[in-house]
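Visitor: Provided herewith is a single structure, encoded as structure tokens, for subsequent inquiry.
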Amino acid sequence: MRIELLNTPVDAVELRIEDQIRPRRMEDFTGQQRLTDNLKVFISAARMRGDALDHVLLSGPPGLGKTTLAHIIAEEMGGSLKATSGPMLDKAGNLAGILTSLQKGDVLFIDEIHRMPPAVEEYLYSAMEDFRIDIMLDSGPSARAVQLKVEPFTLVGATTRSGLLTAPLRARFGISNRFDYYPPELLETILMRSSTILGIGIERDAASEIAGRSRGTPRIANRLLRRARDFAQVDGMEIISRPTAMKTLDSLEIDEEGLDEMDKKIMDAVVNRFSGGPVGVGSLAVSVGEEQDTIEEVYEPYLIQAGYLSRTPRGRVATQRALLRFSDGSSALRGTLFDGQEHV
């Protein structure tokens, strides 16, 4: 039995459970303290003035709470949230329809905003700055521009690849924040809260074990908690004990550092198939049978954070730590392993 922690499609039941455990207020949001403290000030000031909150850009790896924070911003500002994603906005008309439907104080959340087509993105510029959009009616000699008013709103954009944002779009966000991975102690706090909402107890040692293998990511921690609940209930237990947590994690093949099957396939390919690198991400994607974007957005950030992988101008390179752990002892690596030089 195997799972891909971040790339597994989420069905309707999972989405409902995720929504159930999602914090609704800023004070219930755990972690990212500096970010949330600043947002509290910005939101309070905007409400005192009766203005829409400045547009907010949230960047960072998947599963750290960007979508949750967008919901909280809408709740704190007293507006409605309309959510979409960059790939869905493939036509300017789709974006225009959404923008003109917004009421004063509403929040428009665009996930994966870096994947929005450039032609559509340009329609956002005047909407963000002047709360208006210009659309073209007809074509050829009879074409004419029509200006439509947009109610003051807040755009919350989320991205896992902030470097792919165009400079004009990035410059229009008045508030920009980056999410960091969570330390285990904060993930424990999240797990204790989530277990209460899900109606099952969890021992502190069990929460600690799950937190330590959750890759610093609340979404993964909560998914593992739900799987541990499954094991506990099938075994007739009313509380998740440490042995139950260990049984769950072992069954899902998640090691002590939170690496899953795909992480290990990636590192095995870099270390053994490509002799430690450098290797291009396209070749790596073909080697492990995964999408290039998924490797770059989902797996690489944590492997780099964990000290196993480095990005260089020539490609991905295994660190000395990775060589020592993942090498199958091939002759091509022996000199690298013991020459005292680390790829950086």
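From the backbone N, Cα and C atoms, a Cβ is placed for every residue, glycine too.
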Visitor: Which one of Arg172, Arg213, Arg227 goes with Ile21, Arg22, Gly63, Lys66, Thr67, Thr68, Glu129, Asp130, Phe131, Tyr182, Arg219 at the ATP site, as Swiss-Prot has it?
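Guide: Checking Arg172, Arg213, Arg227 against Swiss-Prot: the ATP site match is Arg172.
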Visitor: Using only C-alpha positions, which one of Ile21, Thr67, Glu129, Phe131, Tyr182 is spatially nearest Arg311 (DNA binding site)? These are the binding-site residues in the record.
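Guide: Closest recorded candidate to Arg311 (DNA binding site) by Cα: Tyr182.
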Visitor: Would you mind reading off the Cα separation of Phe131 (ATP binding site) from Arg316 (DNA binding site), to the nearest angstrom?
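Guide: Cα-Cα distance, Phe131 (ATP binding site) to Arg316 (DNA binding site): 43 Å.
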Visitor: If you count the other Cβ atoms within 10 Å of each Cβ, which of the binding-site residues Tyr182, Arg311 comes out on top?
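Guide: Ranked by Cβ atoms within 10 Å, first place goes to Tyr182.
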Visitor: Given Arg316 (DNA binding site) and Ile21 (ATP binding site), what distance in Å do their CA atoms have, once rounded to a whole number?
Guide: 37
Visitor: Within 10 Å of the Cβ of Gly63 (ATP binding site), how many other Cβ atoms can you find? Include all protein chains, please.
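Guide: Gly63 (ATP binding site) is surrounded by 24 other Cβ atoms within 10 Å.
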Visitor: Looking at Cβ-Cβ distances, which residues of the chain lie under 8 angstroms from Ile21 (ATP binding site) while being 6 or more apart from it?
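Guide: Arg193, Ser194, Ile197, Leu198, Asn222 - these are the non-local Cβ neighbours of Ile21 (ATP binding site), listed in sequence order.
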